[in-house]
């Protein structure tokens, strides 16, 4: 005759004991959104996003973006990455074998094939914007003063690019039948699996992606040069030509003095006025 302790030791079918045993060493469906998984995701977001702050301080001082411009640039990328992250979490639950492995495969595809697609998308959008002369939709330019509508429009364009990228990656995932791949099966600790999938691998890959994509979205030096060239052309059309000359004094021998065309005309008129009396004296034979 068995006591209550015997029943507990064996466990009832489908009871808590058997559930824990069957789930030991497995990354089960929904594990990515458990409390430990959410904690790792938040920690990853803070650490990875801090690389963008490091990137800003490493920019040359004459090209360093003001904090407001930097925030507008990086916030677009943060929104896009959040979309990709939650899309990967949703797609990871499509498999019953190992969601952690599927999330990791999705993430690595985003970091390789996805990076190329993002680059192509940003370049294609840039060509379209230049062709249509949509000034407010140029990535990294928000007007002077800053316009919230420009940021909203650029953010919407970037989300469209991310939707395109994620759709292509999902198609590749289906074609290659990678839903059945279980990369992390040799690892028995489910918390270690989550740490690898949500923190360790994504930290290095996300830092690289944030750094590179920020270069895609920020205002380029070529764009600045084009704007300056346009301003110079507009000034020349208005007739305000400018040239440089060397200073005549010894103390300022290495300095350059900017002289406008109007100043030159005033100097030439003054010299002409001084020469007129001399010419008249020569004409009448008077001593100069």
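Glycine residues also receive a Cβ, built from the backbone N, Cα and C atoms like all the rest.
When the ranges 69-89, 132-152 are checked against Swiss-Prot, the one recorded as transmembrane segment is 69-89. Against the transmembrane segment (102-122), stretch 156-176 shows more Cβ pairs under 8 Å than any other of 29-49, 69-89, 156-176, 194-214. Long-range Cβ contacts of the transmembrane segment (29-49) within its own chain (Cβ-Cβ under 8 Å, at least 6 residues beyond either end) map to 74, 78, 85, 89, 92-93, 96, 99-100, 103, 190-191, 194-195, 197-199, 202-203, 206-207, 210.
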